[in-house]
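K.L.:
To start, I am sharing the structure in question, which I have written as structure tokens.
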Amino acid sequence: MASELPTTFDKPVHIAVIGGTGLRSLPGYTPLAVLNPETPWGFPSSPIHILSHNGVPIAFLARHGVHHQFAPHEVPVRANIAALRHMGVRCVIAFSAVGSLQEDIRPMDFVVPDQIIDRTKGIRPFTFFEGGLVGHVGFADPFDHKIASVVKECASAMGGEGSKLHEKGLMICMEGPQFSTRAESNLYRTWGGSVINMSALPEAKLAREAEMVYQMICMATDYDCWHSTEDVDVAMVLEYMTKNGENAKHLVGAVVDKLAREEHSDMVLGKHWEGETAKAVKFMTKPEGRSPDAMKKVEYLFPDFWKD
Ligand SMILES: CSC[C@H]1O[C@H](OP(=O)(O)O)[C@H](O)[C@@H]1O
Ligand SMILES: Nc1ncnc2[nH]cnc12
């Protein structure tokens, strides 16, 4: 029972899994602790479960809350990313239930996207740097190709009847919570879209600002509304997510086993992103213009940020 678990954990946790629709827990892993830290941006969407996989601790967070009570635009994404970063996480594997925009991406297939088009509507808080501090981090490649390679190497762990892992794809992240119109769905297909969801952004942007290695793994649940089959609805998504859950669990196990290897230690610690945010922020707002409150919030993410 979660309530009997320790509420603190004093060993480093570098890897996190964010579960989305239909993936509110990771059964089969040994629970070690459950944490609920308050961040300068509020509480995360769910308590963070520390689980052990073959001796490696991983953090698990349910994006939409324990009861799926947060709509995509209500998810406290800044608190989620900040809480994970603050506890030592540098490497995030984020799962998402997605609609397929391509015939060959069938429900139950997985996709490791490499690009995103932002179709959110500017109503979600999307940066850590505001209110007296400006930062512009690079986002040309929204996902991390290093961890993407590891995920692809683990494709055989999925083992589900005929489900395939597609090694790249263009994700459309829409606003929601309503699904797309048929015209929108067809438009995204002309753009070359592979899959569509409502949750990749601002999660991927905030993870980049926090210098974290971030890769989303998409699990197809439907053909949205462009296909000759039935239009997407919630029942369809949940039915396929029940089937996708097993594959997700196997894939996580294989990915964490690989990440635990010595050869990946720098990548898991996000060494290749270190210092990028400092460059993006410190060169912008001159010291005289910086708000003490905004500076303090940044220290929650990067304790030594202002030391030099
Ligand atoms: C219930 S379908 C729409 C919902 O499903 C996806 O959630 P997540 O990405 O968290 O798995 C999609 O993004 C929408 O939030
Ligand atoms: N068709 C769809 N559109 C947006 N998000 C989704 N998540 C699952 N299916 C989806």
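Placed from the backbone N, Cα and C atoms, the Cβ positions cover glycine too.
In TrEMBL, annotation is done automatically, which means it is predicted and not curated.
Checked TrEMBL, it gives:
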DOMAIN    15-256  domain 'Nucleoside phosphorylase'
BINDING   THR21, ARG63, HIS64, SER96, ALA97, SER199  phosphate binding site
SITE      SER180  site 'Important for substrate specificity'
BINDING   MET198, ASP222, TYR223, ASP224  substrate binding site
SITE      VAL234  site 'Important for substrate specificity'
K.L.:
Hey, of MET198, ASP222, TYR223, which of those binding-site residues are within 10 Å of SER96 (phosphate binding site), Cα to Cα?
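P.N.:
Passing the 10 Å Cα cut: MET198.
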K.L.:
Can you tell me which of the recorded positions ARG63, HIS64, VAL234 is spatially closest to ASP224 (substrate binding site)? Compare CA atoms only.
P.N.:
VAL234
K.L.:
I'd like to verify something. Among the recorded positions ARG63, SER96, ALA97, SER180, ASP222, ASP224, which ones have a C-beta closer than 6 angstroms to some atom of ligand 1?
P.N.:
ARG63, SER96, ALA97
K.L.:
Please work out the mean pLDDT for the residues of the domain 'Nucleoside phosphorylase' (15-256).
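P.N.:
Averaging the confidence scores along the domain 'Nucleoside phosphorylase' (15-256) gives 95.
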K.L.:
About how far apart, in whole Å, are the alpha carbons (Cα) of ALA97 (phosphate binding site) and ASP222 (substrate binding site)?
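P.N.:
Just about 9 Å between their Cα atoms.
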K.L.:
Which of the recorded positions THR21, ARG63, SER180, SER199, VAL234 has its Cα closest in space to the Cα of ASP222 (substrate binding site)?
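P.N.:
Result: the closest of the recorded positions to ASP222 (substrate binding site) is VAL234.
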K.L.:
Out of SER180, MET198, VAL234, point to the one nearest ARG63 (phosphate binding site) in space (Cα versus Cα); all of them are recorded positions in the record.
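P.N.:
Answer for the nearest of the recorded positions: MET198.
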K.L.:
For SER96 (phosphate binding site), what is the secondary structure by DSSP, using just helix, strand and coil?
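P.N.:
DSSP call for SER96 (phosphate binding site): strand.
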K.L.:
Kindly point out which of the binding-site residues HIS64, ALA97, MET198 have a C-beta less than 6 Å from some atom of ligand 2.
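P.N.:
Listed by sequence, the hits are ALA97, MET198.
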K.L.:
Quick one: among the binding-site residues ASP222, ASP224, which has the most Cβ atoms sitting within 10 Å of its own Cβ?
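P.N.:
Output for this query is ASP224.
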K.L.:
Please identify which of ARG63, HIS64 has the densest Cβ environment, defined as other Cβ atoms within 10 Å, among these binding-site residues.
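P.N.:
The residue with the densest Cβ neighbourhood is ARG63.
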K.L.:
Which residue, of the recorded positions ALA97, MET198, VAL234, has its CB surrounded by the fewest other CB atoms within 10 A?
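P.N.:
Among the recorded positions ALA97, MET198, VAL234, the sparsest Cβ neighbourhood within 10 Å belongs to VAL234.
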K.L.:
Pop the Cα-Cα gap between VAL234 (site 'Important for substrate specificity') and SER199 (phosphate binding site) into the table, whole Å please.
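P.N.:
On Cα coordinates alone, these residues lie 15 Å apart.
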K.L.:
Rounded to a whole number, how many Å is the Cα of SER180 (site 'Important for substrate specificity') away from the Cα of MET198 (substrate binding site)?
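P.N.:
Each residue's Cα considered, SER180 (site 'Important for substrate specificity') and MET198 (substrate binding site) end up 10 Å apart.
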K.L.:
What's the CA to CA span in angstrom from MET198 (substrate binding site) over to HIS64 (phosphate binding site)?
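P.N.:
That separation, Cα to Cα, works out to 11 Å.
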